[in-house]
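Trainee: As annotated by TrEMBL, chlorophyll a binding site applies to E91, K177, E178, N181, R183, Q195, H210. What TrEMBL records for R96, E152 is chlorophyll b binding site. Annotation comment: TrEMBL describes 27-46 as region 'Disordered'.
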Amino acid sequence: PHQANTSGIKTQKITRMMLSVLSRPAPVAVGPRPQQRRTTRVHAAQSERTLWLPGAGSPPHLDGSLPGDFGFDPLNLGNSPDRLKWFAEGERINGRWAMAAVAGILGVDLLGRPAWFEAGALDYWMPAKPLLAIEFLTLGFLELKRYQGWKETGSSGFLNSFPFDPAGLDSPSMRLKEIKNGRLAMIAFIGFVAQATVTRQTPLQNLTAHLSSPFDNNILTSVANLPSTLPGA
């Protein structure tokens, strides 16, 4: 009887231990906190970014959130958030002007019209001085309204007030394309100005001359002939 009683006590202890183990809540996997996950994603995105100089670091204020951000700010000019936003808007506006200018220069060149750098010497539907005054007043008024809209809403342009965008032109991908094409257009415009100064020819004329004789018409020969093309030479 004593052995049977002892065996029963052991069985009860084992049963209670098994019930205690089964009644415990299952361990829950605890992941990183939301802030930690966001920080991890930011660091991962920064490590995968294409920078303007391989191996170069990116300033803290250029975290990749702006379209076309390649971490280029060697003088640390955009360390202020307000100033960085203004610089980004200025780049976008100047890029748009450059795209319009490059398209106009190539357009008149393709149509066989007079060279773009001779536009001021042509005769128009009204004298040059009144026409210039009208342009100054019109563009000055539009630029003033653009600046006022920027100060009030942080976004320039009256079209931004209308949420109609069926073509998705305000998407992140289109913003990136706009910045990239604007930068290319600004570089192209500088090239057009340099060509006109050195060769006194249009872009298509320079391209045709280079393709016909690459060794005689290139940047090196153009620089060598620069003194003879300057005004008064």
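From the backbone N, Cα and C atoms, a Cβ is placed for every residue, glycine too.
Note that TrEMBL annotation is computational and uncurated.
Help me see these features in their spatial surroundings.
Mentor: Cβ neighbour count for E178 (chlorophyll a binding site): 18 (other Cβ atoms within 10 Å of its Cβ, all protein chains included).
If you draw a 10 Å sphere around the CB of E152 (chlorophyll b binding site), it holds 8 other CB atoms from the protein chains shown.
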Trainee: How big is the gap, in Å, between the Cα of Q195 (chlorophyll a binding site) and that of E152 (chlorophyll b binding site), rounded to a whole number?
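Mentor: Their Cα atoms are separated by 41 Å.
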Trainee: Tell me, by DSSP, whether R183 (chlorophyll a binding site) is helix, strand or coil?
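Mentor: It is helical.
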Trainee: Sequence gap of 6 or more, C-beta under 8 Å: which same-chain residues meet both conditions with respect to E91 (chlorophyll a binding site)?
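Mentor: Spatial neighbours, sequence-distant, of E91 (chlorophyll a binding site): I179, G182, R183.
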Trainee: If you count Cβ atoms within 10 Å of the Cβ of H210 (chlorophyll a binding site), leaving out that atom itself, what do you get?
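Mentor: Neighbour count, Cβ to Cβ under the 10 Å cut-off: 16.
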